[in-house]
Structure formats: C-alpha cells, structure tokens
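Reading through the structure tokens given below for one structure.
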Amino acid sequence: MKRINTEVLKIDRNNPDKEKIKMAADVIKNGGTVAFPTETVYGLGANALDEKAVEKIFIAKGRPQDNPLIVHIGDVNQIYPLVESVPEKALKLMERFWPGPLTLLFNKSDKIPSKITGGLETVAIRMPNHKIAVELIKEANLPVAAPSANTSGKPSPTNASHVIEDLMGKIDMIIDGGNTGVGVESTVLDISTDMPTILRPGGITKEDLLEIFPEVKIDPALEKSSKDLKPKSPGQKYRHYSPNAQMIVIQGELQEISQSIKELLKEYEEKGLKVGIMATEQTKNIYESKNVIVVGDRDRPETIAANLFKVLREFDKKGVDLILAEGVEESGIGMAIMNRMRKAAGGNVKTIEN
Ligand code: AMP
Ligand code: MG
C-alpha cells in the first residue's frame, strides 16, 4: 500500500479547539480518514454516505469485507435518514443510554452503502459520549462510519500512540485526545427479536439493560462451547484483539487461578519461553517473575476494562512468547472483559472447576 502523509493533531478533550475540529471535519467532508477518540476506544472515521471513503477504512485496517462498520452520529436527529424506522424500543434505549457505549441495529435506508453493512440489511448506529467525537461529527454534519482504529486483529487502541503504531502512513489524520475511558468497545444490541439480544458485550452491561427490559439474551454463538454456531455479529467470528504472543486465560476462584498460573509459569519457563503474567492489584506480589503487568483492580473491574488492550500491547513490547492472564468474574463489565480476553487468547481458556 502506498504510504500517505498522516497528520497528528493534539486536541484537548475538555475544551476542543474549534479550528482544529474544523480541520479534521474538512478531511471527513473531503472523503478522507480521521482517527479520533471516543469514550470506548479510538475510532477510524470516514463519511458513512461515501462508499469510496468507507473503502479506505477497510484498506487501512486490513479489515475483512464482511465485517460491518458502526455508524456514529453526533445528534439523535441524524438517525432518521439512515434507517427505515426507529422502533419504540430503540427510542427508550436511546433516551436512557445515548450518548454512550450502546450500539443498536436498525433496518437500513437506501442512503447507507452496503459496503458499511457487509451486505446486511441492518445498520449498526451509536452516539458516542466524548466531546471530541461529537463535535467532529457535528462539524462534519455527516454520519461517520468508524470501526476501532487498529490494524485488524490487533488489540483496539485506547491511546493515540496505539493508533500511530498501527496506522501511521495509512490514514489522513489522527486526533490525539489522550486516553479513552471505558477501554472496551460498545455493546452491540439486536432489538429485532422479542427479547433483546446482546451480539457483542461491551460498555453497557446486561445488568444496565435489565433496568429497561425484563429479560435480555446473549447471542448463543458467544458462549465458549459453541464453536459451531455462527455469531450474528460478523466481527465476533474473527480472532481479534490479539497480541503477537500466545495467551492462556485462567478462570476460576482467585486462589486456584494464581496457583495454576504459578505452575504454568514454571512449566513454560522450563521449556525456555519468555512468559508474561497479566495480574491484578490483588495478586501482583505473588508471582516470581520480572514480567508481571497489573491490569487493574478486581474490586473495580472497570479499571481492568480500561487497561486491558494497552497491557496486551505492552506485553508485545516486552517480547514475551506467552501471556498467562487471570480471568475475571463474568458479570457487569466482566462479561465484556472476558469476551475480549477469550478472543485475544484465540479461545485458549482454562477453567478450573472446584
Ligand atoms: P468495531 O467497530 O471494530 O468495534 O466493530 C464493529 C462491530 O459491530 C463488529 O463486531 C460488527 O460485527 C458489529 N456490527 C456492525 N454492524 C452490524 C450489523 N448490522 N449486524 C450485526 N453486527 C454488526
Ligand atoms: Mg474492532
């Protein structure tokens, strides 16, 4: 691929400079690509109504053509031209959770190029809760298609430096707006079924959704034991969020997790591998290894979500061959964390039953 000149623009997220936002919006309006921070991860944006611009996203990321993109809006009214209709259920969710990390599926209108939806008749839409993202979209006055701004398959970027690592020379502009907050991507929710179905767990938890609906389903294809089912969210079928190193996630009671990690550490070091350990505040001092990285605090799992992708990239910089990662409890944001860990490990999860 021919390298292009990538401009990096620093913008203060609390007080975005209008001139700089305008420069970035002009790039989008002219059919270019801009990486920008959202509250979840950095997105790689382009004009959602311009098929050629959208194509540039797929090329820069090396993204499979059948993996659809989420369309981002900066104002609720931007949704109407993009969809056939906005069902009552969606309105309720939009009112409660937008702006925020919840992506909803709608039947698409003719305005949405099929390139965006990977040929599907539904389009995924969300309104991000981040000043830079919202002002950029409003200034461009266009819906902005934006998948995570990483090379396809790599951990999603939670800082501009991660975007620079992956996409420098491949996109027109990178807005550096500091660290993102949530750290894992949005929840993708299908409301076309009687019972709303989570197609990808994310920033809005199942528990959050249960405040509105009596029951919420998880796409059965996301369960560990369901290798034969086809996920309804096409992106979920790919190995994803992956460090260069191999990774094993250990799930169970904390005591057993750390015991198992100690044993595996010994076993693999004896084989000559450089082993990294993804530990937590609670366990950071119990492993005899130089390559321990603390991902967060088990009592505040949102800290684990916020740091997860960054830590995966740090292990690659250390050049470890294998990452042994402590699993977390699969409730609240823990569901999204375990989904990302499982994918990063290519399904390599060891569950210790007692
Ligand atoms: P990313 O933007 O990189 O976080 O990826 C977007 C995610 O949204 C992928 O997992 C897609 O499979 C999912 N997605 C986007 N559009 C649709 C759709 N129409 N139906 C189901 N999943 C979708
Ligand atoms: Mg992604």
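Cβ atoms are placed via backbone N, Cα and C, with glycine included.
The feature domain 'YrdC-like' is assigned by TrEMBL to 18-204.
Cβ neighbours within 10 Å of S186 (L-threonine binding site), excluding its own Cβ and spanning all shown chains: 27. Positions annotated as L-threonine binding site by TrEMBL: T40, H72, T122, R126, A146, S186.
Here TrEMBL flags R63, N67, S148, S156, R200, Y241 as ATP binding site. A C-beta separation below 8 Å, combined with a sequence spacing of at least six in one chain, links S148 (ATP binding site) to V41, Y42, G43, L44, S156, P157, E185. According to DSSP, S148 (ATP binding site) sits within a strand segment.
By the rule that a residue counts when its Cβ sits under 6 Å from some atom of ligand 2, the binding-site residues T40, N67, R126, S148, S186 yield S148. Take the CB of H72 (L-threonine binding site) and look out to 10 A: across all protein chains shown you find 28 other CB atoms. Mean pLDDT across the domain 'YrdC-like' (18-204) comes to 97 in this model.
Less than 8 angstroms from the CB of N67 (ATP binding site) sit G118, P147, S152, P234, G235, Y238, each of them six or more residues away in the same chain. Rounded to a whole value, the Cα-Cα separation of Y241 (ATP binding site) and H72 (L-threonine binding site) is 21 Å.
For R126 (L-threonine binding site), applying a Cβ distance below 8 Å and a minimum sequence separation of six or more within one chain yields I70, V71, H72, I73, W98, G100, P101, L102, T103, L104, S186.
Proximity to ligand 1 (Cβ under 6 Å from any of its atoms) holds for these binding-site residues out of H72, A146, S148: S148.
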